[in-house]
Amino acid sequence: MGALGYHAQDERKWNTVEGQPNSDGFLADGLEHYWEWSLESRLSHLSLTAKYQPAGLAGREEKGDLAPARPAPPDGIAARRRRRHFLAAAPMASQDVLSQTTRLASSSALLQVLFRAVTFGLNAFTLRHLSRELLGVVNVRLTLLYSTVLFLAREAFRRACLSGSTKRNWTKTINLLWLTVPLGVFWSVFLGLVWLHLLEVPDPSVVPHYQAGVVAFGLSAIIELLGEPFWVLAQAHLFVRLKVIAESLSVVSKCVLTVILVILYPQWGLYIFSLAQLLYTSVLVMCYIIYFGMFLGSPEATKKSFPVTRMKALLPKVVEDETFLNWKEARLTWSFFKQSFLKQILTEGERYVMTFLNVLNFGDQGVYDIVNNLGSLVARFIFLPIEESFYVFFAKVLERGKNVKDQKQDDIAMAANVLEQLLKLVLLIGLTITVFGYAFSQLALDIYGGSMLSSGTGPNLLRCYSLYVLFLAINGVTECFTFALMCKEEVDRYNFVMLALSFTFLCISYFLTHWHGSVGFILANCFNMGIRIAHSTHYIYDYFKESTYRPLTGLLPSPVLMLIYVISGVITAFSEVFFCCDKGWMARLIHISIGAVCFAATIITMFCMETKLVHFVRSQFLSRYMKKGT
């Protein structure tokens, strides 16, 4: 992934139906045989926005009080049975959201594996035709400009506008979202000047056309912001196909164009990546525009009572006798904006240190970023879709700012059990990557990029990143729950925590890099994630302490399974010493076979010891695939 500088911010969702009309439009028509959606889930999806209210409430009375969906649950045996079988006993509105959310995450992960496998192979090809310095400038310097503009211009708007119900004044929400465009223009111009005049300019003989690259990447960010109202509408209404298909098409277009230009015009330098980046954002925005142009006003949109009926309604509009914006959303956006500024430093901190402090040359930056992108494949394919999808789930099922006693207890039972199983799921995935990644890092880099990556610091970088994946896994789930429930005041208080953590992280990154080279960046990121996990788990503990639910027990795997992990790690580490990676392909195959046996033993133990998790994955993530095979 590293050759083209793809990052994890925007991995998206999709779904489709075999033998049924597409609920989300025409884009998935040619791919409808990849996944199957049961008729029951489809009917619940079509009625979701009509019957679902904020925070999972089944309805509200005119005076604004809650209208209970059913009598209060009894104590005793029935209550315990309901908690054990929370998925079957949950209210239909919450159950629909859970069904939509798990479909959102699993479909997203599977489709991304399909499309990213193509780009992975194309990147491995281009890696052998480009210099390390050019990769460093593209993947670190210019991609940092692009991601910073997007993050500062839209992240806060996305979080604020996705909170609460789909039943809202969408005209005011769309007006608010269009403010991302002037914000994006401001940040593109301001940061573009910084990138051109205050930062070190690469040697033109090694990395030509740097100025054109800065302009192109800044412009591409502005183009992408033009599709922000469409993106929020699609995400809020759980259009599970559109986002992944649009971004997959744009990523593949970008990758194919890059490969063609690298082969035909290698002397173009940054012109290649500039044109590919502009193509990426243009295809992305056009997919959204074409999709909504065909969907709005269609019988399907009418059937779903979609709140927008014409494309013209997606433009800024002044309504007489009403304010231009929803000021509650605007204030929440400002709170998230202050937080997003700090979170961007934490997310891209190592690239800021590289860019502004010059602790690594462009060649070392290129190798670090390739390893960083290769190591984050699991985070892109699995953790990010889960985090984004279940943020929507928790935000809809539970009401922001209310404690556990004031929520509907059926929804609390569902949220607690889902959180527990998600924590266990990502923990085991992270442990598997950490244990087996240590012994197979050098082999993976040698296959992917040859000696340029497998020699030097590359293998140690990937080994450290395997440990970092474990921190990423836990942090993603704990923070998605925390941010879904924090009220405005709690978000503001958290800003001070992020401020202190940002400063500490940058200092630690600087010093660790001087002591341990590029490995220091990953160690600093582990420290950063550890502090954020501690904060989120403390919030979760406080939230549930007055209830009978303890979702943090999901972070405690079976002792037998932990023993198998330790044994597998020791065996594969010795296997690497004796069989990898300069002893020929036969020795490599032996090393791979030993790892496969250890991995199989780990999976079998997992199935035997973590039965509750296996049932959760089967019933929520894999149910429709199992139905298709029966």
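Numbering starts at 1 and runs along the chain as it is shown here.
Using the three backbone atoms N, Cα and C, a Cβ is placed for every residue, glycine included.
Whatever TrEMBL says is automated annotation, not expert-curated.
Taken from TrEMBL as is:
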TRANSMEM  134-153  transmembrane segment
TRANSMEM  174-198  transmembrane segment
TRANSMEM  210-232  transmembrane segment
TRANSMEM  244-265  transmembrane segment
TRANSMEM  271-296  transmembrane segment
TRANSMEM  422-445  transmembrane segment
TRANSMEM  465-487  transmembrane segment
TRANSMEM  494-512  transmembrane segment
TRANSMEM  518-534  transmembrane segment
TRANSMEM  555-579  transmembrane segment
TRANSMEM  585-609  transmembrane segment
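Here the listed stretches are 134-153, 244-265, 422-445, 494-512, and the one with the most C-beta pairs under 8 angstroms to the transmembrane segment (555-579) is 422-445.
Remote same-chain partners of the transmembrane segment (518-534), defined as residues 6 or more beyond its termini with a Cβ less than 8 Å from a stretch Cβ, comprise 346, 349-350, 353, 360, 364, 367-368, 372, 457, 460-461, 464-465, 467-468, 471-472, 474-475, 478-479, 501, 504-505, 508-509, 511-512. Using a Cβ-Cβ cut-off under 8 Å and counting only residues 6 or more beyond its ends in the same chain, the transmembrane segment (210-232) has close neighbours at 137-138, 142-143, 145-146, 149-150, 153-154, 157-158, 161-162, 173-174, 177-178, 180-181, 183-185, 187-189, 191-192, 195-196, 201-202, 204, 243, 270-271, 273-275, 277-278, 280-282, 284-285, 288-289, 291-292, 314. When each of 134-153, 271-296, 422-445 is checked for Cβ pairs under 8 Å to the transmembrane segment (174-198), 134-153 comes out on top.
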